[in-house]
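Peer 1: Dropping a structure here in structure tokens format, bear with me for questions.
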Amino acid sequence: MTSDQVHQLNYLLSLGIALLALLGSAGAQLQVGFYAKTCPNAEIIIGEEMTRVMKVAPSLGGPLLRIFFHDCFVRGCDASLLLNHTSKSNLTEKDAGPNQFLRGFGVIDGIKAKLEKACPSTVSCADVIALIARDVVHLDKGPYWEVPTGRRDGRVSIANEALQLLPAFTANISTLKSQFAGKGLNAKDLVVLSGGHTIGNAHCFAVTNRIYNFTGRGDSSDTDPTLDKNYIARLRSKCSPAAADATKLLEMDPGSFKTFDNSYFKLVAKRRGLFQSDAALLDDPETKAHVFRLANASPDLFFQDFAVSMVNMGNVGILTGSQGEVRKHCARVN
């Protein structure tokens, strides 16, 4: 056995031990292999379809991962984010500002249709997006982990709740730690899950005030002092203050935005995090220590931590048993 093979075996063993310990103490209502008897090919169907999708549309990795994040932070991991509004007076989470630029809902609907054909009214939309999140990370060269399943789908989705509960890209560290603690997630989870910003794009409007008018003075030197000056120059070359540039795309992890790795933490450590919420991770001794720990370690450490934190987040506010329902179509209640 080569040294690389030994290293990989040790990584897989340590990841397995960490996940077994976690699954033994948390999320007991969910279980790995929940559909083993009722829909044994469910994960295969999802995995094969995601492999096909990512080959033709690799930029969907980031948005599909963020759908799971954004869903779990509002009403828990119940697929309430996927529901369409039924009238203009009944807007859903999908209509809320923070979710306006998410993509991939059609992919989810297509996978759900395949699952309904194979196993009608069996696999929940909440589990579908949890499994998709794992698969896109793995297909982007990140870790693979066993996803506990058995979630049920919610019947309620309210746009204002998304506005109130989703962590904002402008949030400070106190707000971020409080929001994560409110979901049963700790400071380590906050940092590790922020590492999801290693894949995908953002838009210029998310950073414009940091590089042009941070305090409102309006002069050219009015920039966010926590942002590296060379990175400011680079961002200005891509984003002007003009309204026309507001929705222009920016790589969240420049040069590595299609590869799931620990380069995000290396950038944050150098004060090159794109969002204020990224920079905020350096404003607290505990979160800062985790940033530098992950920046200076091998990607395997981040992979192990990310798998554990994703399982943690996947247990937030879940519906199980007879709660909720298993939707036939993810965009509408039964």
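Just so you know, glycine gets a Cβ as well, placed from its N, Cα and C.
Note: TrEMBL annotation is automatic and uncurated.
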Peer 1: Going by TrEMBL, tell me which one of CYS239, CYS330 is disulfide-bonded to CYS125.
Peer 2: CYS330
Peer 1: In TrEMBL, CYS204 is paired in a disulfide bond with which of CYS119, CYS239?
Peer 2: CYS239
Peer 1: What subset of the recorded positions HIS70, GLU93, CYS119, CYS125, CYS204 lies within 10 angstroms of THR198 (Ca(2+) 2 binding site) at the C-alpha level?
Peer 2: none
Peer 1: For Ca(2+) 2, what surrounds THR198, ASP253, ASP261 with a Cβ no more than 8 Å from their Cβ centroid?
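Peer 2: Filtered neighbour residues, in order: GLY195, HIS197, ILE199, SER256, PHE257, THR259, PHE260, ASN262, SER263, TYR264.
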Peer 1: 10 Å Cβ neighbour count around ASP71 (Ca(2+) 1 binding site)?
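Peer 2: The answer is 30 other Cβ atoms.
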Peer 1: Could you say which of the binding-site residues GLU93, ASP261 has its Cβ with the most other Cβ atoms inside 10 Å?
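Peer 2: That would be GLU93, with the most Cβ atoms nearby.
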Peer 1: Other residues near the Ca(2+) 1 site, CB within 8 A of the CB centroid of ASP71, VAL74, GLY76, ASP78, SER80, GLU93?
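Peer 2: Here the non-site neighbours turn out to be HIS70, CYS72, PHE73, ARG75, CYS77, ALA79, LEU81, GLY154, SER157, GLY317.
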